[in-house]
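For reference, Swiss-Prot has these:
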BINDING   305-316, 384-386, Ala676, Ser886  ATP binding site
BINDING   Asp677, Glu716, Asn720, Asp884  Mg(2+) binding site
DOMAIN    1045-1298  domain 'Glutamine amidotransferase type-1'
ACT_SITE  Cys1138  active site, nucleophile
ACT_SITE  His1263  active site
ACT_SITE  Glu1265  active site
Amino acid sequence: MLILRGAPALSAFRHSKLLEQLSQKVPAVSGLYAEFAHFAEVTGVLTGDEQQVLARLLKYGPSVPVQEPTGRLFLVLPRFGTISPWSSKASDIARNCGLSKIQRLERGIAFYVAGQFSETEAQQIADVLHDRMTQIVLANLEQAAGLFSHAEPKPLTAIDILGGGRAALEKANVELGLALAEDEIDYLVNAFNGLKRNPHDIELMMFAQANSEHCRHKIFNASWDIDGESQEKSLFGMIKNTYQMHSEGVLSAYKDNASVIVGNVAGRFFPDPETRQYGAVQEPVHILMKVETHNHPTAIAPFPGASTGSGGEIRDEGATGRGAKPKAGLTGFTVSNLQIPGFEQPWEVPYGKPERIVNALDIMIEGPLGGAAFNNEFGRPALTGYFRTFEQSITTPHGDEVRGYHKPIMLAGGMGNIREEHVKKGEIVVGSKLVVLGGPAMLIGLGGGAASSMATGTSSADLDFASVQRENPEMERRCQEVIDRCWQLGDKNPISFIHDVGAGGLSNAFPELVNDGDRGGRFELRNIPNDEPGMAPHEIWSNESQERYVLAVGPADFERFKAICERERCPFAVVGEATAEPQLTVTDSHFGNNPVDMPLEVLLGKAPRMHRSVVREAELGDDFDPSNLDIGESIERVLHHPAVASKSFLITIGDRTITGLVARDQMVGPWQVPVADVAVTATSFDVYTGEAMAMGERTPLALLDAPASGRMAIGETITNIAASRINKLSDIKLSANWMSAAGHPGEDARLYDTVKAVGMELCPELGITIPVGKDSMSMATRWNDNGEDKTVTSPMSLIVTGFAPVADIRQTLTPELRMDKGTTDLILIDLGRGQNRMGASILAQVHGKLGKQAPDVDDAEDLKAFFAVIQGLNADGHLLAYHDRSDGGLLTSVMEMAFAGHCGLSLNLDSVAESSAEIAAILFNEELGAVIQVRQDATPDILAQFSAAGLGDCVSVIGQPINNGQINITFNGDTVFEGQRRLLQRQWAETSYQIQRLRDNADCAEQEFDALLEEDNPGLSVKLSYDVNQDIAAPYIKKGIRPQVAVLREQGVNGQVEMAAAFDRAGFNAIDVHMSDILAGRVDLNEFKGLVACGGFSYGDVLGAGEGWAKSALFNSRARDAFQGFFERNDSFTLGVCNGCQMMSNLHELIPGSEFWPHFVRNRSEQFEARVAMVQVQESNSIFLQGMAGSRMPIAIAHGEGHAEFESEEALLEADLSGCVAMRFVDNHGKVTEAYPANPNGSPRGITGLTSRDGRVTIMMPHPERVFRAVQNSWRSEDWNEDAPWMRMFRNARVWVN
């Protein structure tokens, strides 16, 4: 084993944060130093050259001075017997660099902690420094040799029920954490007595996972008695009723990993499977919809819990039909009170929590980062979501109880696209290869299906922790590339059947796969790729290692499938084959036995149906009279409540422009304020049709009226999605996610009544279907606090997500008030018809109350009329701005509109209030509704249209936007409230700032928060030195000559399709080239005029962002010669964007005239930054930027490591004077800046793009390829037609070639 010291592992900011955390736990800690430690398992002595290559490989990241360590060593390493994702990628890179003697590289962190502390304190320090699920802590470097020792497999265990009867199974139930019900234990005892043998632990574990509440949805399929009366339908039956009543537009419901609905026809853009040339195929582009929850893991370990939640939902989409493509994501969180230190709110009453779960604040710091990190690295934009906190003591017929979300809701959802011929699963022919695609088995997430089906606190802490999985998104990206290559083959798609691997691991996925295909299966346990050879059979079969899919591939298609996997470097293994008889057999060649041998019907067959007998219980509520509240103080409290406050801290960490198909993200207008009602994507690059998704949830209402909370969730989904241009209401399809504390007094009946209200009444009345959903039935947390039993139970919670095809993405409405459209009016549409019910409103909550009467959808006809009128007005161009009314009421709606429009408001309540006692209720009630901005001369006609639709009593003109930055509210000539917009916006942004300050670099958070005080910020703007609507490449395109450009990707790159689309539109033939093609000699770069290295996360940023990719080119002789030859040709051009920019900067020794280029390292904010930034094009030789110098315009940025680090101040100065700086960040006033967030990564002198001296090679961190169409921009100028300013860059390259 070789030991190689690495660079310091912590930035100054992370170092001081960790030191503070350690000294809080152990006050004796006085100092800390941390550096990476690398370990290499080698098969022979390395030569001098090989040692040099290895040393260069392991020098990565920012240049931080190395110290001589002092203090006690805590060496944190991956758990012995496991291979970390870092190791498998770094070892791949080493092999690609020709280091054949390196068996394996592994990395740890050596923490040196100074101070005098006891062994107990040392243990506390170790607990802070490592993740006990995947890591261990050692005391010296030599002990790391254990990383490379190979454990012997553990044997199978039989449970003696033939001898020990039922008692033996009861004991195993507890020891293995199986969560089997009494009737299931009886069922298994009978089944194995019938088979005349004892079950093995692997069979019981498999049965428990496959039949857990999590997988089988027993409550939703149960029969019911309520108050002694038998109910006709199951919960699932009532949901299916929506489909039975209105199935049009639904292509797949209830039977696959996601639902499929009809989409628009467009030119689907992808590479031809034979020629690898990108092009558009005109066909129906159908829409996948899916929303999952990952509540239990997120409570225990928020980052991996939320990350694997997103990963699992992405796999559900990819594994729909015969393979599909995820497109855009959403995330939601509901937690208990945050209690931010130093920012505690008056309504937050501390109640405590159990040790085993994380507090609400830490869930909201770590969980969103996990979800965003997975989506970012996979390459899926996160475009909408919600965030709510709720925790309150309420009065019930049994006394007071605390209701809240100690067990959080973590929602991960999204939409994708699928080809028409792949919607239905294919046939599994006998003899089909049964394949596992993706990562290896590891001992993580064991028993997750069963664990998430229990109330938090009823299983042991170790079992809880063991049930959380760990993530490797770059592996999932590789799997998706394989799936993409397969569906792109059309009728030659080798995948006949596919499922994702989720709860229960392969023990659930493989039986489900063969059973759904009406087959049996014979499997060999030792064929499963395994990074933890010491596992017992049940651990190999049931672990929930992530990023895996199971597939059936026909024998004739297998070689083609294998070639695809090898090109994409995606691991796969043939684990078994399909059999005609429905028997499940798992053999074990190591021990020479059959761990599983049972009929499928024993596993998946007639396990007993659950019956629930429950009673209804009254909701008591409490008295809440808002009429005497101080309006100013109420506004501040409401604006601080997380459900109302800015969600900026959740949004800027998530890439929102990847794919180049995003037409509407959360950030609105020139000031990029996070208030959008709906997310919208384009169907493809050649059309204006698209897809929309929006959410609705009003969970606290369920404590007063559960059915009302369900109806309001659907109502809010409709008022949100109405901002997009949808042809008819019935085009909207819903996902329903149900959360309940089953068994808690009254909750089962509330769940039943709400499902009935939604499934049997409201949805059929609206003509809307719910083709997909999920349930989580154990939403309670129990613990003992110094002898006192405590429980926190969630309200019955329905989260609704709406999806729909969009007729015109250019007509999406936003809340941004327009001050450039003359005199305008604000009109309130109040679907509550003046009832102003205040129950469970944010205003009630921030005063510690619940109220009595919940808002509700009283008449489905009103909602239908509202939707139709809004769509008509939008189609006719009458609506300048639109925002729904929701949490925080009318006041929040209009303030958010003013924040987005950077303007003031003059509101007059005379038309809606009869007395001053009603004012608070009018401003803060959360009845359904919306506010629209219209031109004043059109107001009478618009009011008449509402009247004609039967909504005349619902509409009132309530005021106008004004230019002076003041928000004034009057009634009967008296001022009710006045305040400055910028100060109110700071109140609204403060909760987000407080969390950002704790999570990221506090200096950056403060700069962004203080920037809100700037009254004269002009926002995003455009100043061009050329005509955006002129196509300078048109003459060359007309000649029909299309030069070839190589669109280069490495494993983990995810931005290649939109890059190809931009070059294709500029008149190039874009060709898909994988690094594996170059390393294998399948592709010759001499055939190309251009080469473009795309964005993403090559090798998951292992060995530095873009550095592993670059080094596999530098240190592989074939690749090095290919790249060097290409760069030296005078007729070639090269572009590197984002990850491609980082990669190219590390190839500068091969690129003539690039000696000034910097190295790109971690952003100054220490965070992934996804924003729209202003840049200025500099005077340079870049062939891409000719004729653009001096232009200032917005561009998409999305990166974690974009800070340009030069070797010295002198090198920076030299680069600056060389004429090689091509692009700089500027602020909204047009000045070059280093200030955050205008300069999102803190690069010196705003440098974010450079070129070689002759201009043939250009690198940049921002993403022009995502914003070349006008509709791709989060904010766009009305002067742009089809093209955005960045299209010129690609056309410049086309002109240069000629």
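Glycine is no exception: its Cβ is also placed from the backbone N, Cα and C atoms.
Other residues of the same chain near the Mg(2+) site, with their Cβ within 8 Å of the Cβ centroid of Asp677, Glu716, Asn720, Asp884, are Val678, Ala694, Gly696, Thr717, Ile718, Thr719, Ile721, Ala722, Ala723, His883, Ser886, Ala930. When the binding-site residues Asp677, Asp884 are scored by other C-beta atoms within 10 Å, Asp677 scores highest. The Cβ neighbour count for Thr384 (ATP binding site), using a 10 Å radius over every protein chain in view, is 28. Neighbour counts of Cβ atoms within 10 Å were taken for the binding-site residues Thr308, Asn720; the minimum is at Asn720. DSSP assigns Glu716 (Mg(2+) binding site) to a helical segment in the three-state reduction. Between the recorded positions Ala676, Cys1138, the minimum number of other C-beta atoms within 10 Å of a residue's C-beta occurs at Ala676. A 10 Å radius around the C-alpha of Ala676 (ATP binding site) takes in these recorded positions out of Glu716, Asn720, Cys1138, His1263, Glu1265, in sequence order: Asn720.
Classification of Gly305 (ATP binding site) by DSSP places it within a helix. When the recorded positions Gly311, Thr384, Asn720, Asp884, Cys1138 are screened for a C-alpha within 10 angstroms of the C-alpha of His1263 (active site), the residues that qualify, in sequence order, are Cys1138. Its own atom aside, the Cβ of Ile314 (ATP binding site) has 29 Cβ atoms within 10 angstroms in the protein chains shown. Between the CA atoms of Asp677 (Mg(2+) binding site) and Thr384 (ATP binding site) there is a gap of 8 Å. Comparing Asp884 (Mg(2+) binding site) with Glu1265 (active site), their Cα atoms are 33 Å apart once rounded.
If you compare Cα positions, Thr384 (ATP binding site) sits closest to Asn720 out of the recorded positions Glu716, Asn720, Cys1138, Glu1265. The recorded positions recorded for this entry are Glu716, Asn720, Cys1138, Glu1265, and the Cα of Cys1138 lies nearest to that of Thr308 (ATP binding site).
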